[in-house]
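**Q** One structure coming up, written as structure tokens, with questions to follow.
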Amino acid sequence: MKHLVERFLRYVTFDTQSNPHVAQCPSSPGQLVFAELLKQEMLDFGLSDVTLDEHGYLMAKLPSNVDYDVPPIGFIAHMDTAPDASGKNVNPQFVEDYQGGDIALGLGDEVLSPVQYPDLHNLHGHNLITTDGTTLLGADNKAGIAEILSAIAMLIENPDIPHGDICIGFTPDEEIGRGADLFDVEKFGAKWAYTIDGGPQGELEYENFNAASADVIFHGVSVHPGTAKGKMVNAMNLAAQFQVKMPADQTPETTEGYEGFFHLKSGELGIARSELGYIIRDFDREGLEERKALMQKLVDEMNAGLKHGSVELNITDSYYNMREMVEPYPHIIELAKQAMEACDVEPLIKPIRGGTDGARLSFMGLPCPNIFTGGFNFHGIHEFISVEMMEKSVLVIVKIAELTAKKHG
């Protein structure tokens, strides 16, 4: 445990921001550089089957220390950070024994305020690690990596703690939805696994959104504005008309819990051609289909009213709710709950308003719920993490390994 924070601070110095505009895997060279460091650390630990492929998938195994059969289990985290904010030159700040109030981030005007982020009210007395207000922190998901390796170190240093084979996997490009694309489940070797990619202490998640992306392309007619009457069709106006027809009360900023949404995420505007990029989210598969059908209906209605110009819709499913793949194995969830309770952590079972590698992996034959890291406000400059919650995550990982062995002994 003594090296947990040191590991984390070392890991966040690596710029591993993934790039959605690059097709190759990994999408950024920094991820491979970071993977090489982690590979060497795992070799130094004496782990077996340490492999790093050309795409940045890093795997290893801590062999069983018992003389009876225990199902191999896995722990997974991702090496990339989100494209939403810079992950270069991360300069973490320490806030020891936080007692409330605003936290100044660096030398600028940015602050971390409990008014805006009420979770801080519950963290009095905690040691916090924040950003300096210019980058994200990278707790998503380098905290998960540090916690997994710290748990492995604890198991190695305490051979009296029984465990079966522990499989470790670190993936690239999770933040751009590709983390499971080239993951070799058979090679990984676990019967089930846990991603260590959640937020506050106690989070245990085995439900996530069903997800799709939608590109709406508006084809206009460009004519010199001086002679445009009755001829021009401005694709930007078509795009604006379409967005106005979308449900205003079903967006990320107006929904919570099990409520789905449409999210206008990107746009390219021009007279002859405009394009709007959406993501569609719903916890129910039928609800996802209804949302897709609504967008198609709006497109069809617009096309029916156009004499010139047209609207085109392309929808691609991204991932599905892992619940249907995890629920048939209730012992996986029960084991994590028991481990948390044994570590004085109250399990907080809640849906993931997003996705994880585990969602895709669950549909690839590796049931894979998600467990907390202790981090908050991922993907932005107000990201921070509690050291005490990081330590609890390590203990929960160790306890899961121990309970798995004891239940099969």
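Using N, Cα and C of the backbone, Cβ positions are placed for all residues, glycine too.
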**Q** To which of ASP44, ASP181, ASP184, ASP197 does Swiss-Prot also attribute binding of Zn(2+) 1 at the site defined by HIS78, ASP140?
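**A** Matched candidate out of ASP44, ASP181, ASP184, ASP197, per Swiss-Prot for Zn(2+) 1 with HIS78, ASP140: ASP197.
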**Q** ASP140, HIS379 bind Zn(2+) 2 according to Swiss-Prot; which of GLU110, GLU175, GLU341, GLU346 goes with them?
**A** GLU175
**Q** Starting from the Cα of ASP80 (active site), work out which of the recorded positions (ASP140, GLU174, GLU175, HIS379) are within 10 Å.
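**A** Neighbours among recorded positions, in sequence order: ASP140, GLU174, GLU175.
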**Q** What is the interatomic distance between the Cα atoms of ASP140 (Zn(2+) 1 binding site) and GLU175 (Zn(2+) 2 binding site), given in whole Å?
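**A** Answer for this pair: 9 Å between alpha carbons.
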**Q** Sort the binding-site residues HIS78, ASP197, HIS379 by C-alpha distance from GLU174 (active site, proton acceptor) and give me just the closest.
**A** HIS78
**Q** What count of other C-beta atoms do you get within 10 angstroms of the C-beta of ASP80 (active site), across all chains shown?
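**A** ASP80 (active site): 29 neighbouring Cβ atoms within 10 Å.
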**Q** Taking the centroid of the Cβ atoms of HIS78, ASP140, ASP197 as the Zn(2+) 1 site, which other residues of that chain lie with their Cβ within 8 Å of it, listed in sequence order?
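**A** Leaving out the recorded residues gives ALA77, ASN141, GLY144, GLU174, GLU175, THR195, ILE196, THR356, ASP357, THR373, PHE378.
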**Q** What residues, ordered by sequence, lie under 8 A Cβ-to-Cβ from HIS78 (Zn(2+) 1 binding site) and sit at least six positions away in the same chain?
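**A** Listed in sequence order, they are ASN141, GLY144, PHE170, THR171, PRO172, ASP173, GLU174, GLU175, GLY179, ASP197, ASP357.
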